[in-house]
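Asker: My questions all concern the structure below.
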């Protein structure tokens, strides 16, 4: 038997079972749990390599031929290290007709046993050795303000947005709402020319009939926002329509507590599922205790990224940002007080810990309205780094193995937002049958800058050099548009998400859309238990005087490797026996200046 050192093997084929790799310049490591390729039969493209005619490439099978369950792929990514909520493992990825068709071993079944997908005459190959592959990310809090957010999103690893808006109107600068048929149609028509998956939220304030007609127009969900009025009646009616049409409802609650307090908002929901935006509250919501919504099973809590992670600069940047985003006047004392009420260091500090406990399930941006669309992925991993640095390993993790923490955090911007908006059967993970929206990363750039972004099997954005060079690696090497962003390729490699009733009513033909429209589904049958790796419901209370966020002792158990008793000694204990969730602000972040000086 031929033997090879792990170092030599990883140099040739990428790391394998039992090996670990560091994620960017963070303190996080992932350990390969399994390898679905076959030692000695690895698929490798290139001169003198295995994927040649008569060897690893089959020369006789046509595109629609099958041998057992194995069929010829359009694209095979070889020896990929998959980082997904489903696991951290190595495999070949087969893509066909824009979808993930196989995960396992590629090759020529006429020569090799155990082949799951065929490399044939019709197959292109992408060399995945030494790279990490994640599902395209989702951002479910996008203000539809300008089209240039799309390449920024793609360059940050985001391939799907749930958005709302009308362009640079003041309503959209504050709220993610495409109100009424005209604006839903306009948004879908604009998305037809952009290389990203998109769905749009309509206004969730009003009586049932005008809300319903927006869903018929194709809105994939509803948004309740305090700037339009987040009253108990609005919440009840929006959820009533959503229950009838199977769409999601997102909410930005009442900061000023004008129509009631957090308990009144919770009561108006009547146990019906709702996606709570920026649950900490700096982005908006009942001051100071909207964070308490993490304890309810019917609320799917999310964060927006300006408060993530908590750093020494977080508080300082928020006041002016908030004044601009919500059309406030710094000369009006009441407006200044409104802004001040939303920025609380205590709840911002607690937010990171609640993410690490799995109590906040989703990450998003709030792009151009107190958030950055290109930093959803980056800030998620900065927060994971911060939590490991300050609190140690997550339960079940060990040296060079942060797999549990990594799965928790990757789920926050992939599968969980997809579940929340009824699109998890299409996107959100690397699983057979889903759209082939995949992001490749060099490990040293993981979480900061992708190597390429694939949309439904076609590269949309990629690191590429001077177009006039003799080889593709000559400087300047930057992210550039690829063929997936042009012509009919653009409309055939992205989709738009709409309501089922809108699709059935023929909006594709009426609006003259070229992209495939896919209906959202199962939006009303989910709850927090549906959130992968992030379903904790701690009994959190926010002190209205000190703004301290505290949980019970049992909420600290089964979180970290360090015993709950040891952690409890480090946390402040309240008069009623709870433990305050607090952490120091980060003074130096990974995935930051080292990657973005130029």
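Glycine is treated like the rest: Cβ placed from N, Cα and C.
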Asker: 141, 143, 366 bind Ni(2+) 1 in Swiss-Prot, but which of 62, 66, 223, 444 does that record place at the same site?
Answerer: 223
Asker: Since Swiss-Prot lists 223, 278 for Ni(2+) 2, which candidate among 252, 264, 298 does it give for that site as well?
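Answerer: Answer per Swiss-Prot: 252.
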Asker: Can you tell which of 141, 143, 223, 225, 278 has the most other C-beta atoms within 10 Å, given these are the binding-site residues?
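Answerer: Highest number of other Cβ atoms within 10 Å: 141.
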Asker: Consider the binding-site residues 143, 223, 366 and say which one has the Cα lying nearest the Cα of residue 252 (Ni(2+) 2 binding site).
Answerer: 223
Asker: Which state, by DSSP, holds residue 225 (substrate binding site): helix, strand or coil?
Answerer: strand
Asker: So what sits near residue 366 (Ni(2+) 1 binding site) in its own chain, CB-to-CB under 8 Å and at least six residues off in sequence?
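Answerer: Within the chain, residue 366 (Ni(2+) 1 binding site) has Cβ neighbours under 8 Å at 141, 143, 277, 278, 283, 304, 305, 306.
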Asker: How many other Cβ atoms are found within 10 Å of the Cβ atom of residue 252 (Ni(2+) 2 binding site), counting all protein chains shown?
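Answerer: There are 25 of them.
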